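J.: The Mg(2+) binding site annotation in TrEMBL covers B:Asp26, B:Asp28, B:Asp248. Positions annotated as active site, nucleophile by TrEMBL: B:Asp26. Residues annotated as active site, proton donor in TrEMBL: B:Asp28. Annotation comment: TrEMBL describes B:Lys223 as substrate binding site.
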Number of protein chains: 2
Amino acid sequence: MSVYLNSEKPEDYLALVDKYDTWLFDCDGVLWRGDSLIDGAKEVLELLRARQKSVLFVTNNATKSRRNYKKKFDALGIEAHVDEVYGSAFAAAVYLSSVIKLSKDKKVYVIGMSGLEEELKDEGISFIGGTDPADHTLLPPQDEIPPDPSVAAVLVGLDTAINYTKLSKAFRYLHSNPECLFLATNEDSTYPSDKGLLPGAGSILAPLKYSLGESRPVTAIGKPNSVMLDCIKAKHDFDPKRTIMVGDRLNTDIQFGKGGGLATLLVLTGIASEKDLKGPTPPIAIPDYVTSSIGDLRVLGEQA
Amino acid sequence: MSVYLNSEKPEDYLALVDKYDTWLFDCDGVLWRGDSLIDGAKEVLELLRARQKSVLFVTNNATKSRRNYKKKFDALGIEAHVDEVYGSAFAAAVYLSSVIKLSKDKKVYVIGMSGLEEELKDEGISFIGGTDPADHTLLPPQDEIPPDPSVAAVLVGLDTAINYTKLSKAFRYLHSNPECLFLATNEDSTYPSDKGLLPGAGSILAPLKYSLGESRPVTAIGKPNSVMLDCIKAKHDFDPKRTIMVGDRLNTDIQFGKGGGLATLLVLTGIASEKDLKGPTPPIAIPDYVTSSIGDLRVLGEQA
């Protein structure tokens, strides 16, 4: 059962903050929506920092590198440091360099955008595809796509320049080589863009999953996969028992937190609503705490 | 259990031909592969016609209209008439005009190619999208996509110019309007192109199925759906008990024939192999008859 926090009992928020030293935040739907800050988010982050809490940002958005992401925080006036930002693009690059330990003579075929390429470059991973002009076409493949044993992995993220040639190349590399790894930055079904809700990274991945069939499972690096937490652990020392994950999605954020043995706080400013917790279908993950908005934690300031 | 036919018992082929008056043929993998005729296919079709058999061609390929398809037969030197050709593009158009009876003030948003557009025009169905230059872009949507209640259906077929703007429009029309029909020409996972095996129509559909979720089922018009058979029945009088479907795929051709109460003959010149019938996983549909190739029926000529 979840504990529902509300502003009529401000002492509950104080007790919550005392229990956890490390605060992991999802961003979209928690701190902002598109280009608009959630009311009170900036102030709450400042209050947590003032209490010496570690603040980290954990996002499945793989279209931006950590450096791009930092610019988004700057633009919204939120304090954030590049080493506090964990995106699924970064996690995918670290997975390839540190978990898979991709050999230097191998490369990755990428469906994704420049943010993903930037993280791969930073980790020293060779890749083809991505934003390569040769694959930026609305024509189908003009020649047979030869197998390439040097392509040791196909990595798929949200790519708004997705096309049939990219899908065909990724399909052929995977289909012709059973050893080729099949990776995705994340499987979010939708993407809350500033043009409204649009198909997400999982939708860009779906054609390959469908054409390859169930015998070819994909490893999705982002939340709820534990790879993301392993990445954070490798860089930050924290006690899972004194760490809380704050998010707006049950099937990514809350499941991720629970899988990693962290406490979880659901906010209702994004995807999940009270209906998802109390509706006829049992929720995929039950958060430890629920509050209407991250802004509710502003009561911390009033008690300081 | 399937009856295996082979050239050591030519009388089995004669008995088969005597039992069935109407012969439905899948094309790719049965009569040809890419641009190459299967050895003996032309001769066998001529022998069936000489015996006064009805010959019809039933294909899930929705990139070609029936008229385009006729040109392919001509190029390969096979006798075929437009009214003998049933494609999933034609079936989708007939479904909209005759089953759904789409009102004249409504239109369809199309993901697909000119062959699909041609069939919709022939049936008097208004549509947007398709090969419209406005949607032929590798840029993501530049503006919010407004709901359009005049879009009464989204119809998805194989489209080698698929892009994020097309997927986003289709997603928004379906997501913003629970009444909007969600249709596909077919769900073939792969497409045997002359450049090798590539992602099929089902793969173009997969991003929408994934982003909309399981609560939004799709109606796939092509084989194995019975809509295709209803289309044929509307134009040709035949007795299902004296009709046989010849195909190379268990999950489309054979399932289609069995669902319609037809006899079924599997040829091993395309997708399905003997392993699929005898392997550890039970086959999705068991054909009544199996032969290595349509060319095996040439024995008819030797007995004439």
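Think of each number as a place in line: the chain as shown, counted from 1.
Just so it is clear, glycine is given a Cβ too, placed from its N, Cα and C backbone atoms.
The shown structure was predicted, so the numbers you read here are calculated from the model rather than taken from an experiment.
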J.: If we count other C-beta atoms within 10 Å, could you say which of the binding-site residues B:Asp26, B:Asp28, B:Lys223, B:Asp248 has the fewest?
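T.: Result for the binding-site residues B:Asp26, B:Asp28, B:Lys223, B:Asp248: minimum number of other Cβ atoms within 10 Å at B:Asp28.
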J.: Can you give me the residues near the recorded Mg(2+) site, meaning same chain, not B:Asp26, B:Asp28, B:Asp248 themselves, Cβ no more than 8 Å from the center of the site's Cβ atoms?
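T.: For the Mg(2+) site, the extra neighbours are B:Cys27, B:Gly29, B:Val30, B:Leu31, B:Thr59, B:Gly247, B:Arg249, B:Asp253, B:Val267, B:Gly270, B:Ile271.
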J.: Going by DSSP, is B:Asp248 (Mg(2+) binding site) part of a helix, a strand, or coil?
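T.: Once the DSSP labels are grouped into three classes, B:Asp248 (Mg(2+) binding site) ends up as coil.
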J.: Using only C-alpha positions, which one of B:Asp26, B:Asp28, B:Asp248 is spatially nearest B:Lys223 (substrate binding site)? These are the binding-site residues in the record.
T.: B:Asp26
